[in-house]
Amino acid sequence: MGVNAVHWFRKGLRLHDNPALRECIRGADTVRCVYILDPWFAGSSNVGINRWRFLLQCLEDLDANLRKLNSRLFVIRGQPADVFPRLFKEWNIAKLSIEYDSEPFGKERDAAIKKLASEAGVEVIVRISHTLYDLDKIIELNGGQPPLTYKRFQTLISRMEPLEMPVETITPEVMKKCTTPVFDDHDEKYGVPSLEELGFDTDGLPSAVWPGGETEALTRLERHLERKASVANFERPRMNANSLLASPTGLSPYLRFGCLSCRLFYFKLTDLYKKVKKNSSPPLSLYGQLLWREFFYTAATNNPRFDKMEGNPICVQIPWDKNPEALAKWAEGRTGFPWIDAIMTQLRQEGWIHHLARHAVACFLTRGDLWISWEEGMKVFEELLLDADWSVNAGSWMWLSCSSFFQQFFHCYCPVGFGRRTDPNGDYIRRYLPVLRGFPAKYIYDPWNAPESIQKAAKCIIGVNYPKPMVNHAEASRLNIERMKQIYQQLSRYRGLGLLATVPSNPNGNGNGGLMGYSPGESISGCGSTGGAQLGTGDGHTVVQSCTLGDSHSGTSGIQQQGYCQASSILHYAHGDNQQSHLLQAGRTALGTGISAGKRPNPEEETQSVGPKVQRQSTN
């Protein structure tokens, strides 16, 4: 009797660098590649149509590539725990292969399937290929705790064994002794469904800006490397107006779905760098996107509450406001700030926005203007963002909301000045907010300041055709910086650790921060004026922080100050220690250090609260 094998695709939707699939094929007489799709999940999950379309395109491309190997993809409807016992019997399966899933939900799911496989006498093959490293080994090297500073993470991986090279692509030669039983009704039973079959209305759906699949991913990788080689520049690209638009060399969604191997990307970058730089050793910063992704995966792998504030041992318990109306305006691009609204419109239409655009809208929602929980923003990104990844998405939102990892709350992105400096002419605004197309560049970022004659000439009256600003940014940012200052002063006293950020060495604050882990967080100055705040650090010193607060919006009387009526609820924390447990749960790990309460961090970790200073290589 022959050996029948199944490879279960989840992420890792590719044939190149797929060690689990190669191992599955070795010694097998038949192999079936399956993807399990829950139709109920499609209709009830918080995943938008662009992400579903990208996934289905990935599956279609995978099926097309398998056809070239005289094989097919089997898309099976149902739940894994229900599907596999049936498949094990029906197909007489001897071995099952999977790519290791490091996320808590995935580990729990896979443990259940391994148990079912064991009961059925099925061998389970697991290989790591969605991350560069074995995350458990990083944690073991750190004494059993995940590193919570990027510098500590870099130190640990520098002690790891060199990375293994990507395995060879699955070819007809690899498959020659292995067949796939395919019958005439395959498409009917196991074909990739359409969006319509999953219950989506596709009327008026524009064509995909980011086509899914391994074929597209590898084409983009070559373009990406060709561009780098042509300019011989491995530094972080400067942001400009063109950076805001989707790039044909962008890679982040393909890494997210595993259409592109992170190891292949890593070694291709290494080879190109050595070729251009004449064999000099590449700096860690060359791999910035990949290493930040790895950092967040490591932080999340043993923390099932990583995407929650409550019960999350590394998250500061900040008393955010609940304001559904304000949240909806932000999510739907109706804040009255063209820069914010254009970004959210692009996100909803295309499924992608530039990493610094992510910084801007995340800051606006949380600590900058609306004081709404990062959890709410994370859910919107999970729905709309093609490259939204459970670990990276949650970690990045905690980061930029100053809930974990770094605490530079005195930096505030101005919803007017940031965009104006990036795209002075306002072409990005006109592209995504055509209602403002008629405004001259002088007023396109703050159209409420335009004289009535300008608004009439633009055929757009603010408050009628386009909303007035929902908050006064100058007042909101001042209040929220004060709120954060009080929280961290109290937390610092409670833990006895120096948790407050120190003054950046660069007076503009550039070089620290980051959202989505894909690029250095150029901390952008605000709208113009700057104020100072004296912040007490955990060691008893007082430093003057440069707080970029922005211009007040003249001519905007009557703007609702939504989400700020509870300011006093946080200010009282500075006056007594009986409220401290609200900030960081007692008995948990100290924020940003991985050190238990009462112990002093080592000097390396103690200095990391200012956030990592590392040049990050963007792939977007």
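Along the chain as shown, residues are numbered 1 onward.
The backbone N, Cα and C atoms fix where each Cβ goes, glycine too.
Lifted from Swiss-Prot, the feature list:
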type	residues	note
DOMAIN	3-132	domain 'Photolyase/cryptochrome alpha/beta'
MOTIF	82-87	motif 'LIR 2'
MOTIF	151-156	motif 'LIR 3'
BINDING	SER252, GLN289, HIS355, ASP387, ALA388, ASP389	FAD binding site
MOTIF	255-260	motif 'LIR 4'
MOTIF	271-276	motif 'LIR 5'
MOTIF	285-290	motif 'LIR 6'
MOTIF	335-339	motif 'LIR 7'
MOTIF	379-384	motif 'LIR 8'
MOTIF	395-400	motif 'LIR 9'
MOTIF	411-416	motif 'LIR 10'
MOTIF	430-435	motif 'LIR 11'
MOTIF	486-491	motif 'LIR 12'
MOTIF	492-497	motif 'LIR 13'
REGION	593-620	region 'Disordered'
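Between the motif 'LIR 10' (411-416) and the motif 'LIR 7' (335-339) there are at least 3 Cβ pairs closer than 8 Å, counting only pairs 6 or more residues apart in sequence, which means the two stretches are in contact. Take SER252, GLN289, HIS355, ASP387, ALA388, ASP389, the residues named in the record as contacts for FAD: the widest Cα to Cα gap among them comes to 14 Å. Using a Cβ-Cβ cut-off under 8 Å and counting only residues 6 or more beyond its ends in the same chain, the motif 'LIR 2' (82-87) has close neighbours at 6, 34, 36, 76, 93, 96, 113, 116-117, 120. Model confidence over the motif 'LIR 12' (486-491) is summarised by a mean pLDDT of 87. According to DSSP, GLN289 (FAD binding site) is assigned to a helical segment. Residue counts for the motif 'LIR 3' (151-156) under DSSP (helix as H, G, I; strand as E, B; rest coil) come to 6 helix, 0 strand, 0 coil. Assigned with DSSP, the residues of the motif 'LIR 9' (395-400) fall into helix, strand and coil as follows: 6 helix, 0 strand, 0 coil. DSSP assignment over the domain 'Photolyase/cryptochrome alpha/beta' (3-132) gives 59 helix, 29 strand, 42 coil.
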